[in-house]
Amino acid sequence: MGTTKVTTPLIFAISIATIGSFQFGYNTGVINAPEAIIKDFLNYTLEERSETPPSSVLLTSLWSLSVAIFSVGGMIGSFSVGLFVNRFGRRNSMLIVNLLAIAGGCLMGFCKIAESVEMLILGRLIIGLFCGLCTGFVPMYIGEISPTALRGAFGTLNQLGIVIGILVAQIFGLKVILGTEDLWPLLLGFTILPAIIQCAALPFCPESPRFLLINRKEEEKAKEILQRLWGTEDVAQDIQEMKDESMRMSQEKQVTVLELFRAPNYRQPIIISIMLQLSQQLSGINAVFYYSTGIFKDAGVQEPVYATIGAGVVNTIFTVVSVFLVERAGRRTLHLIGLGGMAFCSILMTISLLLKDNYSWMSFICIGAILVFVAFFEIGPGPIPWFIVAELFGQGPRPAAMAVAGCSNWTSNFLVGLLFPSATFYLGAYVFIVFTVFLVIFWVFTFFKVPETRGRTFEEITRAFEGQVQTGTRGEKGPIMEMNSIQPTKDTNA
């Protein structure tokens, strides 16, 4: 158990799975660059249809709907994760939902030719559904096929796929590439290509061995896949751990979303999962990128859009750094460092934004704070919330937990997007103080409540939470900090 061998089949399976993460990142960032061009399309199409120019209110509302409907689709999709993975399996679910990506991409890609605003909005809704499902499927699949000793590092690749997707969308959105009046439908429709690639490659990836053994009782097939993925014949301990979990599952009733909040042994991990997802979206990362172009412009950067892409490069670099740190430092430690660093940078950004009109050099301080803020985000709050949810739950409750956590992430993302412009209007630069307060709250919560899962099997983590519940029923203090000090499973293959 806990092999650290990295095999070609394992890397291939994880790489193909993270195409779904890339799709999420790409479709999150792709709508920003061609904003003015798409508004012109909306204006022209509506004017042709009604023979009168649309009001500015209608135009703004339709643009806002085109952006926000993606998050609405994501909320619905993320909450539907369990319906797919329990019925079709992890790999087959990823394969099936690519039909949504192709359908959404076609609608957006052909909306200009058809002169249809409805096709654009419907395409964004469908692609949101697809991305919402991917945010559940990908971390779950990666977590279940990865060796315990490498689960965190490989789990971080989900976030790497997301940030690469955002970066590619920013680059493709440049006016010299696809961000033009003629080519913007190709920019939106590009999502079809990764979907086709993933459809072609997924049949060569194995199904999750945990799903095969625990859900389907196919022990020999699961054993064969584990041996091929991990490059070792000695998987007896892992198979036994899965069989033990399978036996426990057969004695329990099916775990629903409501059961996650009702059952004492699930309540604490689901609250931790939700809080970690909120710590990602309420950290202010989207606000920083919203402000960045204007700040770079004020600092005298000739092409602020390229500076924003530079911030995206920093985003990507530090996600790679996190891949190598997460199994050394641990999830909890990196999350605390990330939240603390972001809180400091958030205060620094507030001060520099308030003083930059009086002191020109303050703009450069603000740029530095932005880049460091982004770096701290990708060390902790960026990657960790996505994959730690899969670690906190056993096979039975995991799909429902991923659905709840994913839905809370998408919902908070939607609310931040909805409320942030108004907050900025009333608070100005002080809006970052609000995010600082959130960051401090999440830091305190993480310090006292979030356990370290590095090097521990799913069974060990689940039993640790059950131990807290049993201890708590005897009127004693729950050993959440003891859980942080449990030694990882020793590598018997080393």
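Note that Cβ sites are derived from N, Cα and C of the backbone, with glycine treated the same way.
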- Based on Swiss-Prot, are F211 and L355 on matching sides of the membrane? no
- To which of Q159, Q170 does Swiss-Prot also attribute binding of D-glucose at the site defined by Q280, Q281, N286, N315, E378, W386? Q159
- Query: Between N43, N409, which does Swiss-Prot record as N-linked glycosylation site?
  - Reply: N43
- Tertiary contacts of the topological domain 'Extracellular' (33-64), defined by C-beta under 8 angstroms and 6+ residue spacing from its ends, are 112, 115-117, 120-121, 169-170, 173-174, 179-181, 184, 187, 305
- Item | Intrachain residues whose Cβ lies under 8 Å of the topological domain 'Extracellular' (291-304), provided they are six or more past its termini | 311, 349, 353, 356, 363-364, 366-367, 370
- Item | Counts of helix, strand and coil residues, the topological domain 'Cytoplasmic' (143-153), according to DSSP | 9 helix, 0 strand, 2 coil
- Item | Same-chain residue ranges lying at least 6 outside the topological domain 'Extracellular' (421-429) that approach it to Cβ under 8 Å | 287, 290, 349-350, 353-354
- In the topological domain 'Cytoplasmic' (451-494), averaged pLDDT is 61
